[in-house]
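Pulled from TrEMBL:
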{"type": "DOMAIN", "residues": "27-200", "note": "domain 'Glycoside hydrolase 35 catalytic'"}
{"type": "DOMAIN", "residues": "206-307", "note": "domain 'Glycoside hydrolase 35 catalytic'"}
{"type": "DOMAIN", "residues": "351-452", "note": "domain 'Beta-galactosidase 1-like first all-beta'"}
{"type": "DOMAIN", "residues": "473-531", "note": "domain 'Beta-galactosidase galactose-binding'"}
Amino acid sequence: MPQFFSRTPVGGRRLSRKLGLHANNSQFTLAGEPFRILGGSVHYFRVPSAYWRDRLMKAKACGINTITTYVPWSLHQPERDVFNFQTQLDLDLVAELGLWVILRPGPYISAELDLGGLPSWLLQDENMRLRTTYPGFTDAVNVFFDKLIPKIVPLQFKKGGPIIAIQLDDSYGSYAKDNRYMAFIKEALTSRGVSEMLLTSDLSNGLKPNSPAMVTDIWSGMADAWGDLHHVLAPEDMVSTVREILRRGMSINLYMFHGGTSFGFMSGALGIPSYKAIVPSYDYDAPLSEAGEYTPKYHLLRDLFSRYNSESEQSYNKTLHMHTMTLILCLPFKSATPVNMENLPVNNKNGQSQGYTLYETTITSGGLLKSGDNVRDRALVFVDRRYIGFFKRNTLEMAVPDGEGKRTLSLLVENCGRVHRGKDLDKQRKGLVGDVLLNGTPLRDFTIYSLDMKPSFIDRFWKARPEVPLYPAFLMGALFAYGYPSDTFVKLPGWGRGVVFINGLNLGRYWSSGPQQALYLPGPFLNSGMNQIIAFEEQEADYKIQLEDTHDLGMTADIK
């Protein structure tokens with residue numbers, strides 16, 4: 001089983017394991033000796049496992065001595081009775097390279113993830129109060145921790161592992177719905193064997209006198225949202241801040257040191273001041289780029305800390321022959337009224353977490369169609385498969401053209417990502433969350449299809465190419481990689497909005513509105529030789545894809 005954290009003695013030096021990380025007046029000590037945390041955040045679930053060693057070696061070479069990482073509950077328990085701690089989501093994880101670990105197991109982690117890393121099936125309970133001592137939430141946390149914590153306990157410092165501290169939840173001081181909640185989380189960890197230092201990350205709680213000062217999250221940049229500009233933080237500004245913190249003898253953690261990619265539908269959304277979905281790239285303007293390349297920030301930080309040298313790699317075929325395919329929908333189910341994603345009877349009755357849901361019903365007239373803010377988050381609307389418009393959060397009504405007889409009204413609803421922090425976590429249900437009205441009358445008698453776009457979905461439901469492409473559409477083709485595949489970026493100029501899959505793996509969304517203009521494709525996701533590429537396009541395709549490697553060598557793929 002691949003390991004991100006290991007139990008090898010750090011740096012070859014044998015330390016006494018009786019005393020872990022300890023707050024001693026104005027400084028930390030580890031094994032009884034003065035210790036300053038020079039931390040960097042790297043999220044294992046945003047980095048292909050084949051690249052873990054590379055990213056960690058680069059962190060160490062820069063002078064980082066501690067890696068901080070979150071544990072995403074939603075990825076490790078996608079369904080109530082399904083737990084996944086294998087390969088890409090492995091937790092048995094790092095110290096062979098001489099690094100310590102601060103682990104952030106949540107249960108809530110924020111991290112710009114969908115619902116802040118909480119599993120969406122929690123929202124099947126209409127009375128759910130997330131991040132409180134509501135029994136429906138605490139019972140679920142206990143079940144998850146019963147599986148997770150036994151994997152963490154043997155990796156603690158005092159047991160020979162690299163974990164020197166564990167963070168409770170994330171920034172609860174700014175949320176604070178329940179004054180018993182943090183005590184519950186602390187007990188849930190300690191009662192299961194967690195014995196290392198417990199930390200919180202709370203700007204609202206201030207600094208305690210006579211305690212070591214640590215800046216737990218120095219932001220290297222920010223996550224980007226669709227339709228916004230790309231966020232950057234000048235390297236000199238960030239490094240001057242780090243330099244001043246170090247000059248004062250404080251400990252630090254860089255968020256992020258390497259951001260990676262929120263593959264698939266992992267990304268969440270911003271809720272304040274208004275709803276905005278977050279892009280798949282988690283580059284974060286970090287010292288190591290999304291593709292693991294050195295940036296000016298890295299070199300400036302390395303001058304503060306240490307040194308390292310780089311490597312590089314190689315090439316692809318330039319032509320992709322793409323064929324338009326039609327999706328054969330999975331088995332539907334019937335409902336008199338709309339059913340939100342989380343309550344769909346799919347995935348062993350755990351509901352649908354991500355992707356799209358198709359709602360179809362019969363109408364006998366045209367008129368005014370109103371969503372009443374019950375579409376979460378976007379819906380393409382069709383009459384007899386012909387596109388007539390879309391709903392989003394500030395577009396709440398549209399005209400349905402008149403026609404004769406019975407016609408099929410279809411709403412293809414997309415979950416763009418659940419808000420990852422704030423007071424409204426309990427309200428993050430997706431799909432149709434209430435009635436849609438036609439001429440003031442609620443639509444009824446729906447046929448509903450779950451289009452979660454998991455690998456099993458992509459592998460199964462296809463039939464032959466239609467004569468004339470009708471959007472939304474799937475386009476399929478073959479990508480040939482010569483030799484050992486290197487990293488590349490997928491660009492889709494002239495395309496509208498959709499999702500790209502490579503060999504069944506969801507790379508994430510693309511959208512012409514920006515700011516993200518390319519999807520990162522790690523070399524380990526590709527086979528040497530033939531690879532399958534599928535694009536789901538909502539609006540229109542230019543039939544041209546560009547592949548651009550991490551050293552900016554552009555290649556064009558013509559799609560037929």
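Glycine too: its Cβ is placed from the backbone N, Cα and C atoms.
Ranking 27-200, 206-307, 351-452 by CB pairs under 8 A with the domain 'Beta-galactosidase galactose-binding' (473-531) puts 206-307 at the top. For the domain 'Glycoside hydrolase 35 catalytic' (206-307), the number of residues in each DSSP class (helix H, G, I; strand E, B; coil) is 22 helix, 25 strand, 55 coil. Per-residue pLDDT, averaged across the domain 'Beta-galactosidase 1-like first all-beta' (351-452), gives 95. When the domain 'Beta-galactosidase 1-like first all-beta' (351-452) is classified with DSSP, helix, strand and coil residues number 3 helix, 53 strand, 46 coil. Sorting each residue of the domain 'Beta-galactosidase galactose-binding' (473-531) by its DSSP state yields 3 helix, 32 strand, 24 coil.
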